[in-house]
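To keep things clear, I will list the structure first and then write my remarks on it.
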C-alpha cells in the first residue's frame, strides 16, 4: 500500500473553494453508493417474492426443480415403446442425446406417463423414436420456461401410421428475468437522482451552502494503474514545445473503462445471478462474461504506452525500466498462482494438482512482452512531425515498425501451431470443443493444438479441470482458457491497446484526430472479424472463441474496445459530461479489488447461506451486493488516498 500526502493547503482561495466543492461531491457520491445498495436489496427482494410460483396452481411434479430446469411429462397412447432424445439448439453439430424411454400405452385414453427434467437455458429439439421400428415418430422444437410444468402427448391419428406430438403447458413458468429488470430500474433511478443532484449542487446558493458546511480538505487526484503504472500524459521541460500545457492530466476515461471491466468481472466471478448469459460461453460465441478480460488486457496495453513514454522522456534508463517490468511481471505471476490455488483453506496444498495458468499469470506474461517491446522501440522524445509529411497520418504506426513486426511474427506462430501442428488422434487444425460436438467424432480433442500443447507442456493435472465446454458439449478432457497458446493472442490484444496509447500520445488534445483514429481502428478490426467469422458463430474460418482466445476473438473485442474507449474519452475527458463514477474508483485500485474479491469470495458479507439456493433473485441480490461492496471499498480507499501498486 502507498499513501500520498495531500496538496499544500496554503493555495489561493479559488483552488481552496474548488477543493471544498470536490469533497462535498465525494460525500454525495458516498451517500449515493450506500443508498444504492439498500434500495437494490429491497427491490430485488420484492422481485424474489414475485417470482415464486403460486402453490395453489395445479401442476404435475416429477422432481424438485432447480434453476434453469422445467418438468416434462411424456404421455404415450400408442402401443409401442418410445425413446426420447433431446438436443440443445446451442450445441453445434451434436447428435441428440437419449433422455429416457416411455413404455407403450394401452390406446386412446389410457396413456403411460413418465416424467423428465429438461433444461431451460436454450431452445431444445425433442426427438421421439419408436423402439420396435427404430424410426423417428415426430420432432418437436420448444423453449421451456424455468420451473414450468409441461405435458407432451403422443397420440395416433386416424391413420395408424401417423403420430401427433403436442406440448401442453400445465403450469406457467416463473419470470426468471424479473429480478434483472428490478435491479436495472433501481440503478437507473439512482443514476437519474445523482444526475439531478449534480446539476443542483452547481447552483450558486447550493454551492455556497455546501462550502459553509463542508470541510477544508482538498482531494488530490492520484494516479495508479492496474500494474502500478500511471495513465498520465506527462510533460518534461524538453518537450514543452510540442506538448500542450493541458496535457499534464489523468485520463479518467482509461480508469473508468478499466473499472467497468473490473466491476463486470467481479460480478461474473461471483456468479452473475446464475444467469447463463453472465457465464462464459461453452465454446464459440460471446456472452457478457467473455467481454471483460480482453478489455482489461487492452487497457493495460494503453496504460503501458502512456506510462513508459513518460518515463523515457524523464530520462529513466531503459535497463532500469526493463528491470521494473520483469519484477512487476514476476509479482503478478506469483500472486496469480497463489489466489487460484486456495487449498490452504481446505488442507495442505498438493503440488501434483497445482494449477499453473490463470488470469493474473496471463496478464503477467502479456505485460512482460508488450512492455518489453515498447521499452526497446519507444523513442526518448516524441517526434514533432509536420502535418504536411506524406506519412503523417500513419506516423503513430510507422515509428514503431519493429514492434509491429514482432507481433505479426508471433501471430504467424499462433496460426501455424493452431492449423499445422499434428495432434494425436485429432484432425489437424481442429478448433472444436470435442465431447459430443462434431457428431461425437473427436471426444478427446477439446481445443485441438491449444489443449494438446497445455497437456504436453504443463501436464493434465496442472491446468483447468472443469472447462465451460463441459456444460453443453459434455467434454471430459481438462482444458485451460488461460493456456499457453492463447497467450500469444492476448499479446496482440494488449498491443492493440498500446496502439490506442500511441494515438493519445501523438495527437495530444487533438480530440477530433484521436476520436477519428479510434473509429477507424474499430471499423478495420470489425471488418476483419466479419471476414474471419463469416458473420456467424460457428461457420467462419476462425470462430470467435474465448476458450481459445482465437484471432477473431481478439479482433472482435478490440473493435468493441476502441469504440467504447472512444465513447468514454469523448464523454469524460472531452465534454466532461460524466465523472466516471462509480467505475472510476475500482479502476484506480484494480489489482487490490481483483485480488481481494478472489481471496474473500467465500466470506461474509460477500457470501452467505441463502434461504432458497435455487432462486435467481437471491443469487442476484448476493452477487450485486458483493460487487457493490467492492466498489464502495475502492471509493473509501480513493478518499483515503490509499492505492496498491506493484
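Residue positions begin at 1 at the first shown residue.
Heads up, the Cβ atoms here are built off N, Cα and C, so glycines get one too.
Per TrEMBL, the stretch carrying the note transmembrane segment among 457-475, 514-532 is 514-532.
Against the transmembrane segment (583-600), the recorded stretches 259-277, 325-344, 398-421, 552-571 differ in Cβ pairs under 8 Å, and the greatest number is found for 259-277. Here the domain 'Heparan-alpha-glucosaminide N-acetyltransferase catalytic' (250-345) is broken down by DSSP into helix, strand and coil counts: 74 helix, 2 strand, 20 coil.
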